[in-house]
Each structure stands twice: as C-alpha cells, then as structure tokens.
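Student: From Swiss-Prot, for reference:
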{"type": "DOMAIN", "residues": "14-60", "note": "domain 'F-box'"}
{"type": "REPEAT", "residues": "71-134", "note": "repeat 'LRR 1'"}
{"type": "REPEAT", "residues": "135-158", "note": "repeat 'LRR 2'"}
{"type": "REPEAT", "residues": "219-247", "note": "repeat 'LRR 5'"}
{"type": "REPEAT", "residues": "248-279", "note": "repeat 'LRR 6'"}
{"type": "REPEAT", "residues": "317-344", "note": "repeat 'LRR 8'"}
{"type": "REPEAT", "residues": "345-372", "note": "repeat 'LRR 9'"}
{"type": "REPEAT", "residues": "373-398", "note": "repeat 'LRR 10'"}
{"type": "REPEAT", "residues": "436-452", "note": "repeat 'LRR 12'"}
{"type": "REPEAT", "residues": "453-510", "note": "repeat 'LRR 13'"}
{"type": "REPEAT", "residues": "511-537", "note": "repeat 'LRR 14'"}
{"type": "REPEAT", "residues": "572-606", "note": "repeat 'LRR 16'"}
{"type": "REPEAT", "residues": "607-644", "note": "repeat 'LRR 17'"}
Amino acid sequence: MAEEEEVEEGRSSSSAILDLPEPLLLHILSFLTDVRSRHRAALACGRMRAAERATRSELSLRGDPRSPGFLFLSHAFRFPALEHLDLSLVSPWGHPLLSSVPPCGGGGGGAPSASSSSGMNVYHPEAISEQNAFIAARLAGCFPAVTSLAVYCRDPTTLANLTPHWQASLRRVKLVRWHQRPPTLPDGADLEPLLETCAALRELDLSEFYCWTEDVVRALTTHPSATAALTHLDLGLAAATDGFKSSELGPIAASCPNLRKLVAPCLFNPRFSDCVGDDALLSLATSCPRLTVLRLSEPFEAAANIQREEAAITVAGLVAFFAALPALEDFTMDLQHNVLEAAPAMEALARRCPRIKFLTLGSFQGLCKASWLHLDGVAVCGGLESLYMKNCQDLTDASLAAIGRGCRRLAKFGIHGCDLVTSAGIRRLAFTLRPTLKEVTVLHCRLLHTAECLTALSPIRDRIESLEINCVWNTTEQPCSVANGTTTECDPEDDELGEVYESAAKKCRYMEFDDLGSWEMLRSLSLWFSAGQLLSPLISAGLDSCPVLEEISIKVEGDCRTCPRPAPRTIFGLSDLAGFPVLAKMKLDLSEAVGYALTAPTGQMDLSLWERFYLHGIESLQTLYELDYWPPQDKDVHHRSLTLPAVGLIQRCVGLRKLFIHGTTHEHFMTFFLSIPNLRDMQLREDYYPAPENDLMFTEMRAESWLRFEVQLNSRQIDD
C-alpha cells in the first residue's frame with residue numbers, strides 16, 4: 001500500500017506539467033539547453049520524449065549510425081526541428097562514415113563501415129554504393145531540417161551521398177580530417193560535391209580539415225556561383241605547415257566577394273618571392289570590403305629555422321589596408337617575422353576601423369612606445385574589448401599603463417613572449433582595468449614568474465573569470481620541499497621581508513599581505529608547463545582558494561629525454577587540485593612531451609613511467625566529471641599510445657562520466673575503464689596529424705575491438 005501511495009503521489013506531482021497544452025509544453029522544454037536535463041525529461045514519459053525530440057535543435061552523434069541498431073529504428077525516431085548535426089565524432093572515430101573503398105586494401109577504414117552496418121563483409125562496389133545510399137537516406141529521414149553539418153570526410157564519397165538530401169537547407173558545413181589526403185585525388189575533389197550541390201551554402205569551415213592549399217584554390221575558383229554566396233570561410237587547414245601564397249590568396253578573395261569572415265594561414269616569409277605582402281593585403285581588402293572578421297596567421301616555424309627578419313608588410317601598406325576595411329571588428333595578424341614601428345598603423349586602425357573590438361597581433365614591434373603623456377599606437381583603440389600581443393619585444397610596463405588608460409573597455413587581455421614586461425606593469429594594468437577585465441593570458445614572458453604574476457593580478461582577484469599562465473617557479477624563492485614536489489610552510493626566520501608582514505602571520509616571500517582573498521569568480525584555468533616541472537608549488541604560490549573553478553587545462557611541452565630523473569616519491573601533483581570543490585572538467589595535454597616509447601637508455605624513464613609521474617593522484621579529484629587526455633609521444637616511431645600505468649590510474653577516477661583519449665591503446669587495456677561506475681561517454685580520437693592510416697599496421701586498437709568495447713560499455717547499468 002505504501003508503494004502504491006508513493007506512485008500516486010508521483011503521478012499527481014507530474015500531472016501539473018503534463019496537463020499543460022502541447023504548445024506551452026514545447027515552449028517550456030525549449031528552454032532546457034543542458035543535454036542531461038533534456039534526457040532526464042525525455043525519460044519521464046512518452047509525451048515528454050516526443051516533446052524533447054520535437055524541440056531538440058542540435059545533436060552530436062557518438063555511436064555508430066551504420067549499425068543495425070540505428071538503421072532499423074522505428075520511423076517515429078525523428079527530430080523535425082534539429083538544425084545542427086555533428087557526425088564528425090561517430091564511432092569508431094576517424095573511420096569513413098560512407099566509403100566506396102573496398103575494405104581489403106591498404107587504405108584502411110573501409111572494413112569497419114561495411115562490417116558494422118550489415119554484419120557481414122561486403123566487397124562489391126555496387127553493394128557498398130547501395131549501402132551508402134541507404135545510410136544517407138536514413139540519416140536524412142531522422143534529421144530532415146539540418147542546416148548545419150559537421151562530418152569526418154576521408155574521401156569525397158561521404159559528401160557525395162549526404163549533401164543531396166539537404167541541398168536546399170544546408171547553410172553551414174564543417175569538414176574534419178586528420179588523416180592524410182588520398183594522394184590520387186584530383187585537386188579540389190574533396191569540396192566538389194559540396195560546392196556543386198548546396199546552393200544555400202553560406203559558411204564553410206576547414207579549420208580541422210587536412211588538405212593542400214591547391215585543393216582550396218581549385219575548388220573555390222571553379223565554382224564561382226557557390227563561392228560568391230559564401231559569407232564565412234575558415235581555411236585554418238589542420239596541421240598546416242605552409243600557408244597560402246600571394247598568388248593563391250588573391251583568387252580566393254576574388255571568388256568570395258561577399259565574405260564577412262575569413263580565416264587563413266598565409267606565407268609571410270620574405271625569402272619567398274610569392275609571399276604575402278602589401279599588394280596582396282590590399283587586393284584582399286579591395287575584393288572583400290565587407291569583412292568584419294579577418295584572421296591571418298603564419299604557420300609555426302621551428303625555432304632552429306626561424307630568424308626574426310622583417311616581414312614583407314610595411315606600415316604604409318597596413319594603413320591602406322585598414323582604410324579599405326571600414327567594417328572590421330575582429331582582426332588577427334599573427335606573424336613569425338617582424339613588422340617594425342607599427343604604432344602609426346595601429347592609430348590608422350583606430351581611425352579607419354571604428355568598430356574594431358578584438359585585436360590579436362604577433363611580432364609587431366613598436367605597438368605602444370608610451371614615451372609621452374599622450375596615448376599612441378594601440379592605446380588609441382579605445383573600443384577594444386579583447387587585445388592579445390605576441391612576441392612584441394619592445395612592449396614595456398609603460399606601454400601597459402598607456403593601454404590601460406586608453407582601452408578602458410578591455411575584458412580580455414593577453415601577452416605572449418613579451419620579455420620586457422614585469423609584474424609591476426601587470427599590476428598597474430589590472431588595477432586600471434579592474435571594472436572590466438575578466439580574462440587574462442600571460443605566457444612565456446622572461447621577467448614574469450608565476451608567483452609574481454599571480455601577485456600582480458591581486459587587484460582583479462575577486463573578478464577574473466579565466467586565467468592562462470605558464471608555470472615557471474623561481475627556485476631561489478621556493479623552499480626546498482616545494483622544489484622537490486612537497487609543500488610545507490615557510491620558516492619565518494628565512495624571510496628577508498619580515499618588516500613588511502606581521503611576525504605572527506609571515507608567508508612565503510612571493511605572497512603579499514593584500515593577496516589573501518580568494519579567486520571568487522575564476523571558472524577556467526589554463527596552465528603551461530615545461531617537461532619535468534611540478535604542479536605542486538601552484539597552490540602555495542597563490543591559487544589556493546578557487547571556490548567556483550569548474551575547468552582546468554594543463555599543457556606540458558618539452559623533451560622528457562633531457563630531463564633529470566625525478567627524485568623518489570616525487571610526483572607532478574594532480575592531487576593538489578582536490579582542493580577545488582567544484583572542479584568538473586580537465587584537459588591534460590602531454591602530446592608535446594616527447595620521450596622513449598620503447599626501452600629507454602640506462603638512467604632514463606620511458607613514457608610509461610612519465611605517464612605515472614603526471615597522472616599519479618588523479619584519483620583524488622572526486623568531483624571530476626569529464627577528462628580529455630593526450631598521451632605523450634615518441635616522434636621517432638610516431639607512437640602516441642596509452643600505457644598500462646596510465647590506464648590503471650585513470651580507471652580509479654570513480655566520478656568520471658566522460659573520457660576522451662586523444663591517442664590509441666590496446667584492446668585489453670580498455671576493459672579497465674569498465675570499472676568506472678558512471679562512465680557513459682568514452683572515445684579514442686586520433687585527432688592529430690598524421691592520424692594512423694592503417695589499423696592493421698600502425699595502431700593497437702582495431703575498429704572491431706572498439707565496437708566490442710562500446711557494446712560492453714553501453715550494456716552496463718548506470719546508477720543515475
């Protein structure tokens with residue numbers, strides 16, 4: 001009887017919302033944006049499930065849409081209002097969604113799609129073609145109103161089958177490919193099906209799509225009617241090492257006269273005769289006068305090869321360039337070569353582009369000299385809300401003071417590689433911009449150690465929401481115990497600044513008396529470490545109280561082979577992050593930490609021991625909900641795989657619900673993760689270039705192995 005009474009009470013409590021008219025119920029449900037909240041509502045009853053499907057506007061598929069479980073769903077499985085569909089993360093990740101390549105060749109990837117969709121191997125090209133058409137039609141039937149599509153494309157077959165079903169509505173497309181471009185593919189063939197079919201296309205995103213610059217130029221110039229309608233074009237090109245030349249940038253701009261957003265890597269190296277210079281920039285501005293967002297960057301060059309020569313861009317050329325773009329709001333020019341005496345160009349930017357709000361500059365010298373009381377250079381851009389300056393060697397504390405006086409609306413500020421800036425300049429800027437500044441980035445500035453930087457940010461400690469810094473510990477200011485990976489209180493007798501503090505409350509010398517408050521609004525924290533450095537000193541350096549910190553990103557770079565072997569019982573220090581009470585998301589990126597994947601020489605540690613060093617203590621993060629992990633690599637053998645110590649440590653994170661490994665691993669290692677009680681969403685992503693081409697040769701994890709693990713994962717009973 002008691003159970004029946006509880007059921008009746010539950011029905012009466014839910015009847016209030018279920019008795020609402022259908023339009024009002026749909027309107028209420030449309031306000032639920034959190035995915036899990038919508039899922040909970042959909043599980044309540046059939047009417048709520050139908051309402052959730054009717055109002056869902058975006059969806060990212062993680063499973064295998066080629067499997068019988070999806071292909072033979074009831075026709076009631078339909079999302080009539082869904083506009084954004086992401087197919088770039090379908091399982092197994094990186095394998096062709098639709099492919100005409102027989103699975104028996106060395107191209108890899110065909111076997112999983114054929115076997116997973118029909119339960120038997122289909123080798124005949126006609127059978128594969130029919131299968132592709134059926135899968136594409138099933139997707140179009142489930143999601144009839146798609147206007148924005150993201151998809152992983154190993155070859156043009158996927159687009160050739162999908163785009164005809166949404167050709168009238170498709171306005172935005174993002175292509176993803178981290179594998180090598182098929183060498184026999186004609187130039188521009190990857191984009192051919194898209195530009196030929198989708199007349200309504202307005203936005204094209206290739207920021208994570210590896211291809212050649214020749215492909216882009218050929219595709220855009222041979223379809224003038226389609227490209228003339230484009231308003232947003234992102235040509236970031238995943239892992240691009242070469243940018244667009246002057247002879248390529250001009251035709252692209254001429255083919256897309258209505259662009260409002262353009263992102264492109266360019267060749268600015270003056271040693272090349274076809275580099276982008278003043279004439280190319282002016283031609284770009286003349287061809288696309290409506291640009292509001294323009295982001296041009298020079299692909300990263302190795303330090304051994306780079307020489308800080310002058311770029312082929314002059315101040316006079318920039319002045320003419322800005323004069324031709326009056327609507328510009330967001331401008332990025334991140335160069336590896338110097339532009340000298342850039343202050344007049346920045347003043348022209350403020351004068352000619354009055355709407356400018358977001359500005360990112362790399363290797364621009366003389367941005368703000370601040371030699372007199374009047375403002376000069378970038379400081380006259382009073383409408384800026386975001387400013388990021390990189391490798392500006394003559395930027396000083398006085399420059400920051402002038403920027404603080406002139407740019408009073410700044411909410412985001414960042415410097416990278418500015419070696420003359422000190423903590424005094426950062427503190428003065430923070431004090432001046434206290435009412436507006438919310439996000440700060442300080443990276444690789446020679447005179448700014450981490451503790452000094454945190455101290456300098458004390459004026460906005462209670463207001464800042466996002467912080468990105470590189471961790472450089474001043475060993476002369478650390479106790480020996482901190483340098484060895486442990487933390488203890490400082491000895492008051494060792495503090496040379498005793499006259500500043502009260503003797504009963506002395507702190508470490510990098511802690512100021514007015515820095516005892518908490519980081520009340522800090523929600524996102526990004527940390528950069530060189531290989532072998534410790535996280536442990538971070539807490540005692542000033543980041544001890546972050547009550548609302550939700551997300552942390554840790555990036556480690558360097559050659560572990562040159563690092564001394566850590567002392568016994570010395571660990572990186574992830575357990576220190578357990579003091580953040582609501583930490584839910586972590587990105588731990590060791591992809592640029594290089595070591596020995598196989599047997600290491602005497603006295604050195606292989607990658608498995610380095611993974612143990614960095615991951616030890618991660619089980620202490622009881623609130624951790626989502627983890628993205630990039631394993632370290634051995635570039636000599638192109639090895640980026642999860643080792644047994646890493647698997648054993650990660651599987652002890654009992655609170656994890658989402659786990660994404662950006663690398664490979666062995667199938668029997670995956671069974672460890674089944675012991676994580678609430679793990680619901682997991683994926684192996686080889687989203688780095690070049691991703692392994694052939695599962696049978698270069699990766700430990702086969703597609704069939706992953707699908708078997710996925711069945712085990714999805715068959716578990718999740719408590720919540």
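Each residue, glycine too, has its Cβ placed from N, Cα and C.
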Student: Could you count the residues of the repeat 'LRR 10' (373-398) that DSSP puts in helix, in strand and in coil?
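Tutor: Result for the repeat 'LRR 10' (373-398), in helix, strand, coil order: 6 helix, 5 strand, 15 coil.
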Student: Apart from its near flanks, which chain residues at least 6 from the ends of the repeat 'LRR 8' (317-344) lie with a Cβ under 8 angstroms of it?
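Tutor: Result: 268-270, 277-279, 281-282, 284-286, 289-298, 300-301, 306, 308-311, 352-369, 376-378, 390.
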Student: Report, as numbers and ranges, every residue of the chain located at least six residues beyond the repeat 'LRR 6' (248-279) whose Cβ falls under 8 Å of a Cβ in that stretch; write 'none' if there are none.
Tutor: 207, 213-214, 216-217, 220-221, 224, 227-237, 240, 242, 287-288, 290-299, 309-314, 316-318, 320-321, 335-337
Student: Cβ under 8 Å, sequence separation of at least 6 from the ends of the repeat 'LRR 2' (135-158): give me the contacting residues as numbers and ranges.
Tutor: 58-59, 65-66, 70-71, 73, 75, 77-90, 93-101, 109, 117, 165-166, 169-177, 179, 182, 185, 189-190, 192-193, 205, 209
Student: How do the residues of the repeat 'LRR 8' (317-344) split into helix, strand and coil according to DSSP?
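Tutor: For the repeat 'LRR 8' (317-344), the helix, strand and coil counts are 9 helix, 10 strand, 9 coil.
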Student: Would you mind splitting the repeat 'LRR 5' (219-247) into helix, strand and coil residue counts from DSSP?
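Tutor: With helix first, then strand, then coil, the repeat 'LRR 5' (219-247) has 10 helix, 4 strand, 15 coil.
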Student: Report the mean pLDDT of the predicted model across the repeat 'LRR 12' (436-452), rounded to a whole number.
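Tutor: Averaged over the repeat 'LRR 12' (436-452), per-residue pLDDT gives 95.
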Student: Please work out the helix, strand and coil residue numbers for the domain 'F-box' (14-60) from the DSSP assignment.
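Tutor: Within the domain 'F-box' (14-60) the tally stands at 31 helix, 3 strand, 13 coil.
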Student: Can you count helix, strand and coil residues in the repeat 'LRR 6' (248-279) using DSSP?
Tutor: 10 helix, 6 strand, 16 coil
Student: Looking only at the repeat 'LRR 16' (572-606), how are its residues distributed among DSSP helix, strand and coil?
Tutor: 6 helix, 12 strand, 17 coil
